[in-house]
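First comes the structure, then the notes that go with it.
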């Protein structure tokens with residue numbers, strides 16, 4: 001019977017997992033039809049063939065019905081959510097929207113973000129609702145569209161639905177789906193918008209002028225998947241509030257006691273109280289994380305220290321905190337209940353303990369914002385309590401799988417989240433290890449403390465060992481010092497910091513006592529994280545290798561003879577030392593190179609790998625202090641690719657969209673050498689790497705050559721004459737861009753990395769090197785496709801088959817310019833853009849089928865993935881190209897500046 005229960009519950013989870021692996025959803029009605037078909041077939045077989053009701057045949061029918069139902073409910077819900085589409089005709093147009101603040105506003109370094117329930121949108125559009133027409137910009141009378149109204153283009157097979165929830169921001173968002181500022185007149189003064197954002201409270205109804213578009217984000221190996229995150233949170237559009245040249249935002253209805261969002265209003269008020277009473281930003285952020293689940297206030301450096309020491313789960317409300325709150329409430333209610341004989345006769349003490357524990361955990365989860373991890377924990381505790389209150393004692397696999405099933409009923413996309421697997425795996429491993437957590441009555445307090453200490457140590461050993469494969473699979477990193485750090489931090493957080501933080505909501509003076517403790521503890525964790533071997537990393541692996549490693553980790557902790565456990569070691573080692581068969585993007589063989597143009601936004605970052613070496617060309621932009629492409633994208637990408645050391649970091653020039661993330665990269669791993677055109681005294685030249693060493697710096701200049709694993713590298717620009725003029729202040733930063741040519745030994749295939757080199761530099765290279773020295777199969781388009789570069793003579797000299805553009809979606813510079821793209825299209829050069837491709841990967845040994853490289857947006861595609869369209873097609877721009885820029889005849893005076901509209 002146990003096997004039947006486990007098989008049935010596992011079949012449900014398998015059905016949900018299969019649906020989440022689909023690349024498209026199709027007709028959502030299959031989600032209802034297929035389960036009904038299976039139930040009908042099972043009913044007929046059971047009626048006509050009684051033998052199918054029992055034994056393995058009956059179990060098989062039940063499993064098929066459970067799997068089809070799990071798949072069907074996820075399929076139906078996915079189809080309903082995907083049907084919500086923001087009209088393309090409204091993208092990047094100012095529309096008037098009425099919406100209700102649906103969650104606690106999030107304060108970020110760049111501004112403010114809030115989730116909004118859409119009530120109505122006012123815009124012109126032909127036809128009427130539910131007719132074969134779409135919202136468009138045709139001249140027509142304004143009409144009010146309600147959230148949920150259906151619309152469609154004449155060529156669409158079915159109707160789309162206006163989104164019900166969207167994400168709005170004040171300021172310049174740069175994470176969770178945003179790359180750079182949308183194109184708008186005079187840049188729309190985003191900084192002023194962030195500073196003048198009105199005070200928001202959940203439940204308020206506002207009237208805003210907004211610019212929205214479908215969710216899209218940076219798509220890279222090992223990176224945060226913002227598109228999936230927004231889909232899981234039912235946010236079907238994203239954008240900004242327009243504040244200039246439009247009527248001011250209007251509060252239509254204030255929040256009252258009866259307005260939706262009561263819990264979030266309490267949380268917002270509590271956050272304001274914390275910020276008022278605690279002046280230390282580090283301590284205030286940690287208190288907010290532990291009490292109301294507000295994690296955005298915790299600094300980036302503190303998050304890095306917590307992650308590297310394996311203690312990140314302690315700094316925000318997680319399953320551990322909610323479970324401990326439930327246990328504390330359960331213990332307190334049990335103590336009180338036993339001393340009231342009249343109450344014991346009404347409800348037995350064990351039953352009231354289970355009920356009160358779940359209610360206590362539920363209340364704490366509501367205070368934390370009722371996020372998905374909190375929901376998962378409460379559902380797990382509720383299922384466990386319900387099964388324990390019955391007359392039958394259920395085996396732990398059934399309890400665990402039943403809880404997992406209920407979680408996926410509420411949220412089928414929870415299976416995509418690392419927290420789901422970490423939570424259930426931790427509980428399952430503790431149960432599998434056979435630890436007896438019951439304490440015999442009558443033990444002296446010393447023996448009780450000793451027993452508690454042994455249980456805590458055993459729990460940490462099991463969790464650290466068993467969850468290490470999961471950490472490698474999901475994060476490509478596992479903390480070596482995590483066991484030691486958690487043995488100290490768990491008691492401190494559980495019995496001192498968290499209780500005082502919660503009691504401080506009533507007695508704020510207690511928070512002052514936490515300031516020295518929190519600062520001392522975080523400083524100690526930061527020092528521990530700086531140790532070279534504080535954490536180890538492994539490359540991202542394919543599904544089967546990850547599953548094999550997880551099963552091996554579980555087998556190591558199973559109560560089996562030690563000799564049997566040795567069988568699991570090869571499976572776990574697959575994660576630490578993967579082979580080319582287990583990697584989604586294996587490295588190149590001897591004599592070949594792999595080029596990855598990172599989806600970095602408005603900037604440049606290219607990873608070049610040979611068989612045993614790695615070079616990073618530029619490191620993307622920095623948008624605000626502590627928020628740069630290195631920390632946000634490149635560190636995770638390098639870890640996912642198995643790059644544990646950079647042999648060379650080459651920074652083409654000093655613009656912030658090329659050097660912005662370099663310091664974070666240098667601090668995160670060893671860097672053997674730094675090459676750049678940066679001026680002496682630049683802050684990057686003094687940054688220490690992971691080993692505590694300052695990488696030796698060398699200026700790039702034409703003529704530098706070296707070889708790695710049979711692959712040739714040559715710097716083509718700037719020349720020594722350029723350096724002489726630069727020292728006289730007669731060269732701009734862009735003019736000094738380091739240009740690098742990478743050529744494989746096998747097949748002589750090559751790629752040209754150009755930075756922001758402009759027309760004058762292009763002409764100089766053509767004159768000095770000619771087609772023979774510039775010819776390359778792949779060209780990284782200079783200056784993101786600006787009209788200051790990509791001259792006809794340069795393109796013809798390089799004669800690429802493929803041109804790659806790295807630029808931000810809807811960037812304020814208008815990159816890449818249509819006239820520049822037309823020069824490539826007229827010559828039948830295929831153009832790949834990071835905004836539509838995500839990270840682009842190309843290897844010099846690729847065959848004809850993949851000779852133009854592969855897009856990570858397609859390789860990692862799920863049905864939630866947004867597939868943007870190109871801004872222009874070759875046929876549309878081939879005959880309308882303005883005159884190209886000409887090389888400057890006189891050198892320009894060099895001046896220090898940041899990017900301006902002149903760069904466009």
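Along the chain as shown, residues are numbered 1 onward.
Every residue, even glycine, has its Cβ placed from backbone N, Cα and C.
Automated prediction, rather than curation, is the source of TrEMBL annotations.
It should be emphasised that the depicted structure is a prediction, and the values quoted were computed from it without experimental measurement.
Range annotated as transmembrane segment by TrEMBL, chosen from 510-529, 590-609, 610-629, 630-649: 510-529. When the ranges 12-29, 30-47 are checked against TrEMBL, the one recorded as transmembrane segment is 30-47. For the transmembrane segment (541-560), same-chain residues at least 6 beyond its ends with a Cβ under 8 Å from one of its own Cβ atoms are 425, 428-429, 432-434, 462, 465-470, 472-473, 567-572, 574-575, 578, 582-584.
Summarising model confidence by region, the domain 'Metallo-beta-lactamase' (602-809) averages a pLDDT of 92. A Cβ distance under 8 Å defines the sequence-distant neighbours of the transmembrane segment (394-413), meaning residues of its chain 6+ beyond its ends; these are 2, 5-6, 9-10, 12-13, 16, 19-20, 70, 73-74, 77-78, 228, 231-232, 372, 375-376, 379-380, 382-384, 387-388, 420, 424, 427-428, 431. Sequence-distant contacts of the transmembrane segment (567-585) (same chain, six or more residues past either end, CB-CB distance under 8 Å): 221, 469, 472-473, 536, 538-542, 544-546, 548-549, 551-553, 555-556, 594, 596, 641-642, 841, 859. Through the fold, the transmembrane segment (352-373) approaches residues 103-104, 232, 263-264, 266-267, 291-294, 317-319, 321-323, 325-331, 333-334, 337, 343, 381-382, 385, 388-389, 411, 414, 417, 419, 423 of its own chain, all at least 6 residues removed from its boundaries and within a Cβ separation under 8 Å.
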